[in-house]
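Enquirer: Structure provided below as structure tokens; questions to follow.
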Amino acid sequence: MSRRKAGSAPRRVEPAPAANPDDEMEMQDLVIELKPEPDAQPQQAPRLGPFSPKEVSSAGRFGGEPHHSPGPMPAGAALLALGPRNPWTLWTPLTPNYPDRQPWTDKHPDLLTCGRCLQTFPLEAITAFMDHKKLGCQLFRGPSRGQGSEREELKALSCLRCGKQFTVAWKLLRHAQWDHGLSIYQTESEAPEAPLLGLAEVAAAVSAVVGPAAEAKSPRASGSGLTRRSPTCPVCKKTLSSFSNLKVHMRSHTGERPYACDQCPYACAQSSKLNRHKKTHRQVPPQSPLMADTSQEQASAAPPEPAVHAAAPTSTLPCSGGEGAGAAATAGVQEPGAPGSGAQAGPGGDTWGAITTEQRTDPANSQKASPKKMPKSGGKSRGPGGSCEFCGKHFTNSSNLTVHRRSHTGERPYTCEFCNYACAQSSKLNRHRRMHGMTPGSTRFECPHCHVPFGLRATLDKHLRQKHPEAAGEA
């Protein structure tokens, strides 16, 4: 340590000049700055990840922003700057993460598409999309002041299923998709469901939708090998096997009956039903007097038997006759075992004989009346069958056809002599008579009020409770 005298001024020491002025270096900050040569190619660093220096931009900026050089690098860092880029960006592979990007891609922003006018809206303008749908697909001209104020007022979006609230529309949609399993995206293969059509619209479009062209263009007809989807009725959602069946099925909703009869007002929806109906218009061939006399002689000579002898088994009457014609057709045919059920047509052919109660109940009278009124056809017990003039159903014998006709006409020729029961078949009447104890050797219980016999005491008690409740209560 040097000593100096008191009162003496300090001496300034000038720094010694450098030996080589070309190699001078600033020693105050100890900063090293290396500049690449203009002719030399910058050294390329090896890839440190999936992103190259050209693909990844500097941290905190995106493409298109100006790049600012960080300036001189401290010497203590001991890193070489490769070109004009920051070496720290090689270790930071940043990917832009916009709030309105889809979870599986970062190339296209999410858009809301109107299914009617195919207009698209950004996800951030979801309120404008709602207004667009409410106002009937009006053009979107950007958020206005009213829309901006509405977005400011809409501070929270609530899930209607769980009640959870969100402040961003995209988070609400993502919650609906991930937490509740709702599909908020539409793929290319999907198509929006067609709205249900009214009956008038279906009637107008059914010929164009399921016409012959649709059958010709089907995958099965073209031989492409593709499985064809079964057609479905747009009204009742019923699945049909073919488009032709769907076309016929649609007529049940629209009331269309394109097949009309040329002899009567009958109309139907299928051609097969019309062909079946036309068989009912076949007229009965007139019977010769010789055949009529022969049949009457055979009927008088033959013993009385309860078999069916149809005067004209295949004869049917025109549709204009209505229910009266059907009843008349059934009155001339007898059922096997029926206690007298035949009445022949008069000379005019319009009036038919009626069966009285005595003829139904008295077997002797019925056996005497049946040979006189019912001619036999060739001595056969059963005549050939025919088709029903009401529904077209075919029967092999006339007895079944006769019983079937009564289901259309409502005729019940067999009545009980003890009560008001009536039926269309004799077998049902015999079964009913057993309830009254009409079988040989059975015990009868007679009602003290109406004197109706019964075969069982329990049946009589039931009769008293239903028909005479006052007497049953007193007993």
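Just so it is clear, glycine is given a Cβ too, placed from its N, Cα and C backbone atoms.
Not measured: the values here are computed from a predicted model.
Per Swiss-Prot, compositional bias 'Low complexity' is recorded for 295-313, 326-338. For 339-351, the entry in Swiss-Prot reads compositional bias 'Gly residues'. The compositional bias 'Polar residues' annotation in Swiss-Prot covers 354-367. Per Swiss-Prot, SUMO2 cross-link is recorded for Lys35, and the stated evidence type is a large-scale study or a structure entry. If you look up Swiss-Prot, you'll see 1-78, 275-385 marked as region 'Disordered'. Taken from Swiss-Prot, the feature zinc finger covers 157-180, 231-253, 259-281, 386-408, 414-436, 445-468.
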Enquirer: Would you mind listing the long-range same-chain contacts of the zinc finger (445-468), meaning Cβ under 8 Å and 6+ residues beyond its ends?
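Expert: Hits for the zinc finger (445-468): 418-419, 434-439, 475.
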Enquirer: From the DSSP assignment alone, can you count helix, strand and coil residues within the zinc finger (445-468)?
Expert: 11 helix, 4 strand, 9 coil
Enquirer: Could you put numbers on the helix, strand and coil content of the zinc finger (386-408), residue by residue per DSSP?
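Expert: Breakdown, helix to coil: 11 helix, 3 strand, 9 coil.
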Enquirer: For the zinc finger (259-281), give the DSSP counts of helix residues, strand residues and coil residues.
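Expert: Taking each residue of the zinc finger (259-281) in turn, the totals are 11 helix, 4 strand, 8 coil.
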Enquirer: On the DSSP side of things, how many residues of the zinc finger (157-180) fall into helix, strand and coil, could you say?
Expert: 10 helix, 4 strand, 10 coil
Enquirer: Which residue counts does DSSP yield for the zinc finger (414-436) in the helix, strand and coil classes, in that order?
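Expert: Reading the DSSP string over the zinc finger (414-436) gives 10 helix, 4 strand, 9 coil.
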